[in-house]
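What Swiss-Prot annotates here:
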ACT_SITE  136  active site, proton donor
ACT_SITE  150  active site, proton acceptor
ACT_SITE  154  active site, lowers pKa of active site Tyr
BINDING   11, 85, 119, 150, 154, 181, 183  NADP(+) binding site
């Protein structure tokens, strides 16, 4: 297909939370390849409202990385950015109680799916001097009891971005620290079944953030992710950045 003039952005984890809010923020601003394991009513509405600019790739991010890039090129002729947002928190368990297979599943989603998608995106992003925007976490640099698998996966993301910044100077690669966001993941964290593993103090900390209204709105993070995806700033490449700097 002939290359479109608008930016073409691939977005993972697009069916809910930060991903859905980002898809909404990108309306009228870009062509979007929305990748998700499920098609929620909210995402389906976006697809119906934007038939010429939104394409859905349904599947697990561990399986559709290459195919999603190919879809972008086939449909729109180029790729300008990837926003890699899909991720999971579970297993929530202390290391001594860890199920190594559950760790592997988490790393497949949070890290290896990212590496695979980035690998296949790079040749196209070189042509457009595009951007790689990956949702990281404060947990990459801070200990939370029973979150070792998640913390380690996000620390790996930050190092991946540092290496990308060195290896691909024409592509802006950033890891974004989103803060504590009001998403389904936070609902899971506050579940009483996690209190024993996390410890009462940590568990109560997250519950108090919700009750005191301190959680960040997904729409605020979406503004930052959209801005970064649409604007290549070489000075930022390889960095772990705070979302507040871009809204």
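These residue numbers are counts, starting from 1, taken along the chain as shown.
Including glycine, each Cβ sits where the backbone N, Cα and C put it.
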**Request:** In whole Å, note down how far the CA of residue 154 (active site, lowers pKa of active site Tyr) lies from the CA of residue 119 (NADP(+) binding site).
**Result:** 18
**Prompt:** Which residue, of the recorded positions 136, 183, has its CB surrounded by the fewest other CB atoms within 10 A?
**Reply:** 183
**Asked** Of 136, 150, 154, which active-site residues come within 10 Å of residue 85 (NADP(+) binding site), going by C-alpha to C-alpha distance?
**Response** 136
**Item:** Collapsed DSSP category at residue 85 (NADP(+) binding site)
**Value:** coil
**Request:** Can you grab the distance from residue 136 (active site, proton donor) over to residue 181 (NADP(+) binding site)? Cα atoms, rounded to a whole Å.
**Result:** 12
**Asked** Taking just the CA atoms, what is the gap between residue 11 (NADP(+) binding site) and residue 154 (active site, lowers pKa of active site Tyr) in Å?
**Response** 18
**Tertiary neighbours of the residue listed as 'active site, proton acceptor' (same chain, Cβ under 8 Å, six or more apart)** = 88, 89, 106, 110, 137, 139, 144
**Prompt:** Any idea what the Cα distance is from residue 181 (NADP(+) binding site) over to the residue listed as 'active site, lowers pKa of active site Tyr', rounded to a whole Å?
**Reply:** 16
**Complete:** Checking the binding-site residues 11, 181 for other Cβ atoms within 10 Å of each Cβ, the smallest tally belongs to 181
